[in-house]
Amino acid sequence: MTTTTHILGYPRIGEKRELKFAQEKYWRGEIDQAELKKVGAELRHKNWQTQASAGLSFAVAGDFAWYDHVLTTTLLLGHVPKRHRHGFPDLDTLFRVGRGQSQSSCACHGAAASDMTKWFNTNYHYIVPEFSKEDTFEVSWPQLFEEVNEAVQAGHNVKPVLLGPLSYLYLGKEIEDGFDRLTLLPRLLTAYQAILAKLAKQGVEWVQIDEPILALELEKPWLDAFKLAYQVIRSDVKVLLTTYFDSVVDSLDRIVELSVDGLHVDLSAAPEQLDAVLAKLPQNWVLSLGVVNGRNVWRSDVKAQLERLQPVKAALGERLWVASSCSLLHSPVDLELEAGLSAEVRSWFAFAKQKVSEVVLLGKALDGDAAAIAQCEAYSQPIQARKSAAHVHKATVQSRVNAITAELAQRSVPYAERARHQAEVLQLPLLPTTTIGSFPQTSEIRVQRSAYRSGQLSSAEYEQALKGHIADAVKRQEALDLDVLVHGEAERNDMVEYFAENLAGFQTTQFGWVQSYGSRCVKPAIVVADIEREQPITVGWSTYAQSLTSKQMKGMLTGPVTILCWTFPREDISRKAIAQQLALALRDEVSDLQDAGINIIQIDEPAIREGLPLKKRDHQNYLDWAVEAFRISAASARPETQIHTHMCYSEFNEIIESVAALDADVITIETSRSNMELLKAFEEFNYPNEIGPGVYDIHSPNIPSEEWIVDLVKKAAQKIPVERLWVNPDCGLKTRNWPETEAALANLVSAAKRLRKEFAKETTAVNSEAVADVETEA
């Protein structure tokens with residue numbers, strides 16, 4: 001009885017980010033579409049060959065995306081937003097939806113990108129589908145079928161992957177009032193019928209249909225819709241219904257009624273669901289168990305997994321499939337490239353290519369292969385050795401964590417009193433202007449960093465080069481007349497990796513890249529041991545920048561929850577414990593910054609919402625310790641020290657109480673893509689502190705006009721008192737170039753100055769009316 005082995009998807013970016021570099025060359029006009037497509041084809045074939053050479057039963061097709069797999073599905077379904085429809089959809093259409101289109105690049109007066117948000121509780125972003133009640137769907141984008149043909153012609157046994165109809169609808173949003181997007185399901189199912197019919201004609205036996213929303217706490221109408229949907233799209237192609245990121249026990253009674261041929265569940269995220277799934281699994285279904293974690297870099301304990309799976313194999317026989325927990329999109333590509341790792345550390349890890357081999361090894365061992373069983377034993381030994389390593393578990397760190405009290409997470413005085421102290425010290429105007437922290441990482445900076453790391457630049461030479469970039473950033477900001485400056489973060493390759501490189505307990509990699517969105521990739525550090533700060537990290541750069549200007553300089557820190565969410569965490573201790581260790585380290589940095597004369601310190605927490613568990617019943621426990629971690633890091637600040645925080649792409653309604661509980665003096669948020677909709681949560685909650693709603697989208701190359709910014713700030717002022725508003729971009733400017741940055745910021749500053757005058761006139765007029773009323777009454 002041969003065990004079927006497969007994965008849910010493979011990284012699409014290439015082991016050295018080949019796709020990223022090709023995309024960006026294409027966008028700059030340096031290569032044509034044919035050259036870009038050639039790079040994509042080469043990556044796909046290499047990925048399929050990796051899977052086939054390892055011995056997987058299937059090669060996955062349809063997991064490749066030019067920007068995002070949800071956006072690919074949008075084009076597959078002929079569902080392009082109207083503002084981006086210019087003839088038959090092509091690759092440029094896809095990029096317009098994802099990136100937007102400036103007025104200067106077309107005759108259509110520009111078109112905004114679609115919203116982008118987090119993919120469940122990961123750091124991957126997807127482009128949000130837009131729905132209106134007149135929408136129709138038609139299969140018009142051939143990418144999936146072309147890639148199936150490519151794989152078949154290359155000799156692979158293909159399993160296409162497709163985002164399911166209910167998840168596609170659920171992950172989108174209505175763009176007009178008065179209708180429920182679920183009413184579009186019958187029309188959408190017609191398109192899915194056509195897709196499956198085409199795949200059947202191509203000879204496909206199995207298709208993987210991803211319905212990750214089944215791991216959520218779905219409302220009854222959504223859950224009930226599944227039965228009809230899968231009856232309607234039933235075809236000659238066998239369907240593996242795929243779920244991941246959490247347990248599906250809540251939805252299991254509905255799932256087992258569906259017209260499908262198998263179910264995949266994520267045992268890495270929710271191992272406790274196995275017994276319930278086995279008890280209710282239909283007799284004719286296969287069961288795919290995701291036991292190799294697709295979201296991390298840790299070597300799988302295949303010995304333990306084998307022992308766990310053997311009884312399931314005995315019960316199900318060939319109906320048991322072994323798989324990755326989710327797509328390996330969330331893992332780096334290949335550990336073999338990491339020449340700089342010690343043998344011990346290397347033995348702890350497995351990247352996507354190695355995880356494929358783990359899946360295959362488990363399949364062979366389950367089939368009784370004696371050599372594979374012995375290999376499982378040997379492969380798991382480093383995991384056991386790590387459990388007792390003294391350099392992993394540090395007594396000094398444990399002692400400090402154990403001493404945490406409620407008082408440690410409390411600022412010395414309430415916000416209202418702090419605000420008075422800060423107003424006296426900072427002397428800022430109405431609608432103060434600032435940026436979120438980073439400035440363009442120019443090619444010169446990247447070349448110098450590379451030269452330093454390769455030994456071509458000495459430490460002293462590199463430090464002088466960085467000081468030059470900092471001085472340049474300060475000079476540009478002063479010329480723009482921004483109110484609160486930043487040093488620009490030239491010394492940081494990444495907002496998390498930089499801290500990981502300067503805190504004990506982390507391991508960084510050279511090629512550990514994963515996709516964040518579009519062409520943007522991140523290289524998460526790995527928490528390998530207890531975390532501690534051995535010396536100041538940012539103080540020298542911030543104080544140097546402050547010495548160059550009489551304006552206020554913001555210190556820039558990445559918060560404990562974001563560092564946790566944007567790194568690969570340990571599996572042997574809780575996320576809460578890691579967050580506490582990080583908070584204590586950052587608390588020391590806050591103390592040193594203010595002692596060095598930095599009066600404003602930003603502790604970025606853009607990832608705080610994405611850390612939420614998928615089940616709402618688990619939210620409060622997470623939010624309690626996440627808020628505590630932030631407060632521990634900030635609470636060493638004196639009353640006159642203003643603490644800022646920044647959050648990205650967050651839907652705040654369900655966490656607004658916890659956002660307020662952070663007790664940051666100023667919060668900056670991304671709001672421009674949502675046209676200030678996100679501020680409703682702050683308005684309804686009567687959020688008491690200061691807010692900087694982002695007034696332009698830094699993820700798009702479009703430069704906002706002064707009028708655009710004025711309009712957004714006025715909308716914000718309808719929801720938040722103007723005296724508590726700041727004016728700033730949505731996010732850091734690292735990925736933009738200097739001409740774009742300066743043009744946008746010039747419009748931002750001029751908009752703020754114009755609005756100060758307008759609001760001052762309104763205040764004067766109101767005061768005059770009040771005086772006149774008093775005189776009349778007299």
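Glycine is treated like the rest: Cβ placed from N, Cα and C.
Annotated features in Swiss-Prot:
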BINDING   R17, E18, L19, K20, K118, R520, C521, W566, E610  5-methyltetrahydropteroyltri-L-glutamate binding site
BINDING   I436, G437, S438, E489, D604  L-methionine binding site
BINDING   I436, G437, S438, E489, D604  L-homocysteine binding site
BINDING   H646, C648, E670, C731  Zn(2+) binding site
ACT_SITE  H699  active site, proton donor
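Structural mapping of features recorded in Swiss-Prot.
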| residue | record | Cβ within 10 Å |
| --- | --- | --- |
| R17 | 5-methyltetrahydropteroyltri-L-glutamate binding site | 18 |
| L19 | 5-methyltetrahydropteroyltri-L-glutamate binding site | 24 |
| K118 | 5-methyltetrahydropteroyltri-L-glutamate binding site | 21 |
| I436 | L-methionine binding site | 25 |
| G437 | L-methionine binding site | 25 |
| S438 | L-methionine binding site | 23 |
| C521 | 5-methyltetrahydropteroyltri-L-glutamate binding site | 18 |
| D604 | L-methionine binding site | 25 |
| E610 | 5-methyltetrahydropteroyltri-L-glutamate binding site | 22 |
| H646 | Zn(2+) binding site | 27 |
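Cβ-based neighbour count (10 Å, all protein chains) for E489 (L-methionine binding site) stands at 25. DSSP assigns D604 (L-methionine binding site) to a strand in the three-state reduction. H646 (Zn(2+) binding site) has its Cα within 10 Å of the Cα of these recorded positions: I436, D604, taken from R17, I436, S438, E489, D604, H699. Cα of C648 (Zn(2+) binding site) to Cα of E610 (5-methyltetrahydropteroyltri-L-glutamate binding site): a distance of 10 Å. A separation of roughly 27 Å, to the nearest angstrom, links the Cα atoms of I436 (L-methionine binding site) and R17 (5-methyltetrahydropteroyltri-L-glutamate binding site).
Cα of E610 (5-methyltetrahydropteroyltri-L-glutamate binding site) to Cα of E670 (Zn(2+) binding site): a span of 14 Å.
Put simply, the two farthest-apart Cα atoms among R17, E18, L19, K20, K118, R520, C521, W566, E610, the recorded binders of 5-methyltetrahydropteroyltri-L-glutamate, are 28 Å from each other.
Apart from the site residues I436, G437, S438, E489, D604, the chain places the Cβ of T435, V486, M495, M556, Q602, H646, C731, G732, K734 no farther than 8 Å from the centroid of the site's Cβ atoms, the recorded L-methionine location. Within its own chain, C731 (Zn(2+) binding site) has I436, P606, H646, C648, E670, G694, I698, H699 as residues 6 or more apart in sequence whose C-beta sits under 8 angstroms from its own. Counting every protein chain shown, 23 other Cβ atoms lie within 10 Å of the Cβ of E670 (Zn(2+) binding site). In the three-state DSSP assignment, the secondary structure recorded for E670 (Zn(2+) binding site) is coil. S438 (L-methionine binding site) sits 21 Å from K118 (5-methyltetrahydropteroyltri-L-glutamate binding site), counting Cα to Cα. Across the fold, the C-alpha of R17 (5-methyltetrahydropteroyltri-L-glutamate binding site) and the C-alpha of G437 (L-methionine binding site) stand 26 Å from each other. Annotated pair C521 (5-methyltetrahydropteroyltri-L-glutamate binding site) and E489 (L-methionine binding site), C-alpha to C-alpha distance, rounded: 18 Å. Cα of D604 (L-methionine binding site) to Cα of K118 (5-methyltetrahydropteroyltri-L-glutamate binding site): a span of 17 Å.
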